[in-house]
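Chemist: Attaching a single structure in structure tokens format; questions to follow.
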Amino acid sequence: MTNLKKRERAKTNASLISMVQRFSDITIMFAGLWLVCEVSGLSFLYMHLLVALITLVVFQMLGGITDFYRSWRGVRAATEFALLLQNWTLSVIFSAGLVAFNNDFDTQLKIWLAWYALTSIGLVVCRSCIRIGAGWLRNHGYNKRMVAVAGDLAAGQMLMESFRNQPWLGFEVVGVYHDPKPGGVSNDWAGNLQQLVEDAKAGKIHNVYIAMQMCDGARVKKLVHQLADTTCSVLLIPDVFTFNILHSRLEEMNGVPVVPLYDTPLSGVNRLLKRAEDIVLATLILLLISPVLCCIALAVKLSSPGPVIFRQTRYGMDGKPIKVWKFRSMKVMENDKVVTQATQNDPRVTKVGNFLRRTSLDELPQFINVLTGGMSIVGPRPHAVAHNEQYRQLIEGYMLRHKVKPGITGWAQINGWRGETDTLEKMEKRVEFDLEYIREWSVWFDIKIVFLTVFKGFVNKAAY
């Protein structure tokens, strides 16, 4: 088969997958509502059909806005499913507002909730099957794309290796093209940049990933200009991986493309989702633990003289000072420029306080901090101001922890990095996990951390 025919077949297969996705989404939505009505003993009425159509239209509009029906090849399934459920949730919320005007509101609301839950499962399962099916086809030579890397950046090599290690993605690596250096060429070398242009013109390559240094701007511009005379897709790998980037993404500022190196993941819709998550969880948890809070408050009051609640100054989001609430666990309270970290068998800790610290129950009042907006359920744990000033000079990127709100529990704590940080290495590991959390943030990641906290995050021998 000629290269041109391979290219056309790849485009046809990609379009076919997109059509299958759209058709399956529509089918699952209507089938889900019909099934819920059947199980509930209700007729599938004209009103159900009308609202389902409106929901579908909204879902398709959101799909266009978020570019949902693009190719998800090479993108993690969790990312695709998160956007799928986000669009579906917003669509159902919109249609539920229409149902609110119905006379039999309670019954219709139950139907809508059941439809939402059933269809959510169906959409995710169907997308998983499509991914598996597409992967099988690509493993057998269908829907393949021939790709090449231009340049010798490490990021380009990493991308090439990932394509080779994941054949189900359907990317077949032609090789690496760059002008040879005095040290010779690697085994992956397929030719110089001029050879790349000739191969692209001959239809041997579908995608070209440019992985060249920032200082090679003139060469990059020349190569892009030459590739404009071909039909291959040209993608640029930004030379930003020399930096320890934090939640980078492509943005536009007054028509100028920019790539943030250090930024917060909590902007726009993500910020609203995170705040909604905090308010709902904190409210439910406070209602559930209110008897426990009263018992702990009484125990603290009887254990030693002093207030029940201790308010500590900590750095919040963007490094702004906040007051963090805790049950008092010590006979003395330190909140000065110099803070002595609690150690094992610390004489300042009361007997009740020792139990509270080991079980993290002393931190329960921080759910009030969450409601007031100073903290989050999940995030990097807040450190003493004195420790912040100390470690920001010793650990690169330490202050990047403050690109999100501090949390009651966090990814570092789940992985065992809590309690006394008596060595620099321990603090470095804690910061490493905190920054990993910020890079990988999602609502589902938060839920995972909350779930793990219930089983392994509260009691820890390192806490005293």
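Each residue, glycine too, has its Cβ placed from N, Cα and C.
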Chemist: Kindly tell me whether the record in Swiss-Prot places ASP67 on the same side of the membrane as CYS129.
Modeler: yes
Chemist: By DSSP, what is the split of the topological domain 'Cytoplasmic' (60-80) into helix, strand and coil residues?
Modeler: 10 helix, 0 strand, 11 coil
Chemist: Which sequence-distant residues neighbour the transmembrane segment (279-299)? Criterion: at least 6 residues beyond either end, Cβ under 8 Å.
Modeler: 308, 327, 352, 356, 361, 364-365, 367-368, 370-371, 377, 450
Chemist: The topological domain 'Cytoplasmic' (60-80): which same-chain residues, six or more beyond its ends, come within Cβ distance under 8 Å?
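Modeler: Answer is 14, 17-18, 21-22, 86-87, 90-91, 127-128, 131, 134, 145, 169-171, 442, 444.
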